[in-house]
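Engineer: If you scroll down you'll find the structure; I have some questions about it.
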């Protein structure tokens, strides 16, 4: 990393540790998400990227290390506390209520009530306002759906994911984390979701994208955080490296030195992967 | 996304006509009206105010149970214990008022608390252990059934003080006599229908039935919600116990033995899915009336009661089939 005055990371972690008995899931991991970027987090199965993301979204409490949000140290007691600080997570495909309509899903768990006695005593929902605001959020991200009163189960997989993304963007004030958002989708729908991620970024909302799909990562990420053996192995720009090199970093065949050059760490593995030091 | 513009054609609520046509209660309502038309043509005693008042009286106990049953089925659960819990509640109320010399209102409060307690216990077992609702409530069915017979010593409790049967009294509406109990049942249906469709709590019930995991990830406190639903259902069974006493005028340990299945029948006939997340309390009201109309109409036609049971059974299987097929189509 060069010493130019880099902006304060939106979400930052230093030396995170999480142990489960004998197993160390996070082993002194660092993390930096810069304003307005799409940061992809990749890593082999078991590298600990899920644990890292859980720590950053409050789903697990780390044993050691520090998390900073917009430069200020912070601790999350649970997912609710991370949400309260504007960190929203889009889960693979679990988190929509299929028989409910789009507006209800956008406002699920955060329903708006009517003003006055109707809302306070009779607990009456303000359905009209929720529909209007949901429509604004969808329009904001240029998500074209015929009707907000259709149930989510009538939507395609990509559209459902779009609803989930719109919901998270509507409530996120700092960060949107997306866990494998294209894993369950076909080629065309994946493309639509990638477009959507771009529009989220263009609104100025930083995105953390966890993905196994290397072409998707290379297409959309501004930077790639490569996770290996419970810690950050490298942060790279996709334009500087080939996919084969990134995979080699992921598997430990290559490492990245201070200057950003790759160094062969495991010559046999590197040979097998067809990559070499720069 | 392919669309760059955003053609939200119906930001306003859908038109009344469209809503009526697509509502899940349309099918059950059509079935109810068809049944009414059939019985009106078959027997001239059917289409009278007095007979309809009678039908509502006949179904108000099962109807009140079915409200609680609907809440639980909406969460993809089931409650086999409702009739037995109600029977126990009614014996507690009757014995406390008649023999324990508690003031009637206090006896009723105690009965509601006992039934609510059963609901709470069901909810805790389903949520905290967790156990399948089918097994928990099957066990609770036997517990409540046994307690009813132990506590009542197999005796029907008679000589109840007046206030206990007050809801069984009638007032005239035009030239038809309506019981106050019928009004209580209808009011409960309206109350729960409102709560389910117009409050955040209602939304959360549906979300829980769709996917407990999704509800949890959206910040809904699913554990509290589930336990609360079972408890509310228990309280409804307590109210059903009061209605039962008001209708029969005694505390009967044999009461309510088939009411668990009858309430499930009504819920299913009303279009609520056994898989959770879809359905409504108003649908259940229609379902209850379908059962009541069939029983009443067949009775008036002189059909033996065992055939009424047979036909109800066929109706349930039909209703579940329709539910399953429409779910398949929705995918």
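Placed from the backbone N, Cα and C atoms, the Cβ positions cover glycine too.
Not my notes, these are from TrEMBL:
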type	residues	note
TRANSMEM	B:20-42	transmembrane segment
TRANSMEM	B:54-73	transmembrane segment
TRANSMEM	B:80-98	transmembrane segment
TRANSMEM	B:104-126	transmembrane segment
TRANSMEM	B:133-151	transmembrane segment
TRANSMEM	B:178-196	transmembrane segment
TRANSMEM	B:225-246	transmembrane segment
TRANSMEM	B:266-293	transmembrane segment
TRANSMEM	B:300-322	transmembrane segment
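Are these features on the surface or tucked inside, and what are their neighbours?
Structural biologist: The list of residues near the transmembrane segment (B:20-42) in space but at least 6 beyond its ends in sequence, with Cβ under 8 angstroms from a Cβ of it, reads 14, 269-271, 278-280, 282-283, 286-287, 289-290, 293-294, 296-297, 300-301, 319, 322.
Same-chain neighbours of the transmembrane segment (B:133-151): 72, 77-85, 87-88, 91-92, 95, 118, 121-122, 125-126, 253, 257, 260, counting only residues six or more beyond its ends whose CB sits under 8 Å from a CB of the stretch.
For the transmembrane segment (B:300-322), the residues of the chain that approach it from at least six positions outside its boundaries are 27-28, 39, 42-43, 45-46, 51, 265, 268-269, 271, 274, 287, 290-291, 294, judged by C-beta separation under 8 angstroms.
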